[in-house]
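As given in TrEMBL:
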DOMAIN    47-130  domain 'Prepilin peptidase A24 N-terminal'
DOMAIN    140-252  domain 'Prepilin type IV endopeptidase peptidase'
TRANSMEM  41-60  transmembrane segment
TRANSMEM  163-181  transmembrane segment
TRANSMEM  188-208  transmembrane segment
TRANSMEM  234-256  transmembrane segment
TRANSMEM  268-290  transmembrane segment
């Protein structure tokens, strides 16, 4: 499954990124190339994703309740039996245990293996997107934080500061290291501008209509601007539009199915997080296509020319 998903991502991204590279785009430089990864690199990134996904499950469960992510050891929420190391192997233990606690046999939610698998898949996809480059650590940290925040928002309608601020700090530190390693300090300036700009826009929306937008979404906007700014301002725009559109479509679908009303609350932060991850993986080819269409429209050329 991981291989098929990764292959699809490579096929889509390679076309768009080759166009960007051929156009001499400054935002493409320094990202590495889309190329087959060595088996060792695949194993390292995959195992890292599984391990991080397991930690994200702990963070998403404990941080909203104000608990430490380090102590005490993970335990069954029903019988409080500590989880042994052999029962804490990502995905594998869940399957071997028959999806139930070894002690009390209470069902273990599917969210746990799904988070682990999704994190591993996204880590592999982003490794394919950026290659072994200076920006990869920042985007992996950024994505991991978004997954934890999305889980918290989807389950409890919370975007905890204790998740946003560490993710912001670690992402910024990794981007600072990337700028120092590559000498691309201008990208760091654009990153800061995107972070401050997104924060300001969402703060204004929150100030005008607090019922529309919680302050957690305002903080999240600053994180999105920081995590996507290095890739370019249009990636941030793409994320906001994609996330908003996804939330709107889900809301309409739920109302059409009679499962929601106009007053039903939706986890907007989770949709924004999904939009940001989509921007990382497929934003470049979509933005390039849009630029081609815009240029052709401005010159009056037929839109079929985009296919050339």
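Note that the numbers count up from 1, one per residue, in the order the chain is shown.
Including glycine, each Cβ sits where the backbone N, Cα and C put it.
Note that TrEMBL annotation is computational and uncurated.
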(request) For the transmembrane segment (234-256), could you work out the same-chain residues 6 or more beyond its ends whose Cβ comes under 8 Å from its Cβ atoms? (result) 194, 198, 224-225, 228, 262, 264, 266, 268, 271-276, 278-280, 283-284, 286-287
(message) Given a Cβ distance threshold of under 8 angstroms, which distant residues of the chain, six or more beyond its ends, lie next to the transmembrane segment (188-208)?
(response) 172, 175-176, 179, 214-215, 217-226, 228-230, 232-233, 236, 240
(message) Using Cβ atoms and a strict cutoff of less than 8 Å, what residues sit near the transmembrane segment (41-60) while being 6 or more residues removed from its termini?
(response) 2, 69, 74, 88, 90-91, 111-112, 115-124, 127, 132, 140, 144, 147-148, 151-152, 155, 163
(message) Can you break down the domain 'Prepilin peptidase A24 N-terminal' (47-130) into helix, strand and coil residue counts using DSSP?
(response) 47 helix, 4 strand, 33 coil
(message) For a three-state summary based on DSSP, what are the helix, strand and coil counts in the domain 'Prepilin type IV endopeptidase peptidase' (140-252)?
(response) 98 helix, 0 strand, 15 coil
(request) Tell me, roughly as an integer, the mean pLDDT over the domain 'Prepilin type IV endopeptidase peptidase' (140-252). (result) 95
